Amino acid sequence: IVLEKARSMATFRSPGRHGYAVEVSPFLPSLLACAASQHYGIAGSGTLFVLEQEEAGVSLVTSFDWNDGLFDVTWSENNEHVLVTGGGDGTVQLWDTANPQGPLQVLKEHTQEVYSVDWSQTRAETLVVSGSWDHTAKVWDPERPHSLSTLQGHEGVIYSTIWSPHIPGCFASASGDGTLRVWDMKAGVCRLVIPAHQAEILTCDWCKYDQNVVVTGSVDCSLCVWDLRNVRQHVARLTGHSYAIRRVKFSPFHHSVLASCSYDFTVRLWDFAGSEPLLETLEHHTEFVCGLDFNLHVPNQV
């Protein structure tokens, strides 16, 4: 795990574990979580690391082991101690950093790997969405043992499910079938299907400042920015990565700035509205970069 801020860098090493996702706490600017797996998630167990960024570097606060790989993590938006992870055994786990005994709850309905989890961003609801290799997305109330709904339509693996930060009950999903889909959870239907790339799409994210703007990142090494009101043509196509793009995040501070990470070992910062969109290339990792996040509390920290 590498934290970037104004050219400074802090590193945490996790021997025997490959990081798949990292998320900064929405409550505490120094706290972050990392979902990790043994053997690139192909076999073995997983670990959830909870870390703290200090002046001297990044230190371990606590960790939780799971019997299968962990591929994604999201913080609760209403409890600073609660986290949710998605596992290779098809389960979604709820963890409490104040309770070291193990998961608060294990939700088991998916039949294949859970590759994406996200906590709802709007104040109207407390929901988790999960996306799986079984081609389905499921919406959960963390207080209940069974999913509220199962959404079907993708013809390939779902790699990414992200709630809209603007519209209650609305999330986007990215799939190996090459489409980006926008779902209305309350109606239980897909509102929009965008053939966004002619290759697998591994990641997507919503703009924090415009409810109609979404970005996708693909195995074709490109990022495409979409305006959902007119999806016949992308707003921007960003190229520069030399291998598949694993994750993309919009900045919480600038409407047209985003960050991407890739199997090419780099993290790149972009401004899709600029004449020269690529702002910076960060080359501090020596392996695949699978996760990234912006710090909500510290401008320009990734």
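Each residue, glycine too, has its Cβ placed from N, Cα and C.
The DSSP breakdown of the repeat 'WD' (73-96) into helical (H, G, I), extended (E, B) and coil residues amounts to 0 helix, 15 strand, 9 coil. Annotation comment: TrEMBL describes 73-96 (among others) as repeat 'WD'.
Marked as repeat 'WD' by TrEMBL: 107-150 (among others). Within the chain, the repeat 'WD' (107-150) has long-range Cβ neighbours (under 8 A, six or more residues past its boundaries) at 41, 69, 71-78, 82, 84-94, 156-169, 171, 173, 175, 183, 185, 188.
Under the heading repeat 'WD', TrEMBL lists 151-188 (among others). Within the chain, the repeat 'WD' (151-188) has long-range Cβ neighbours (under 8 A, six or more residues past its boundaries) at 115-122, 124-125, 127, 129-133, 135-139, 194-206, 208, 211, 214, 216-217, 226, 228, 247.
Outside the repeat 'WD' (194-236), and at least 6 residues removed from its termini, the chain residues within Cβ reach (under 8 Å) are 156-157, 159-160, 162-167, 172-182, 242-252, 255, 258, 260, 262, 270, 272-273, 277. What TrEMBL records for 194-236 (among others) is repeat 'WD'.
The repeat 'WD' feature in TrEMBL is assigned to 238-280 (among others). Within the chain carrying the repeat 'WD' (238-280), a Cβ under 8 angstroms from the stretch's Cβ atoms is held by residues 4, 21, 160, 200, 202-210, 213, 215-225, 286-294, 296, 299-300, 302, all 6 or more beyond its ends.
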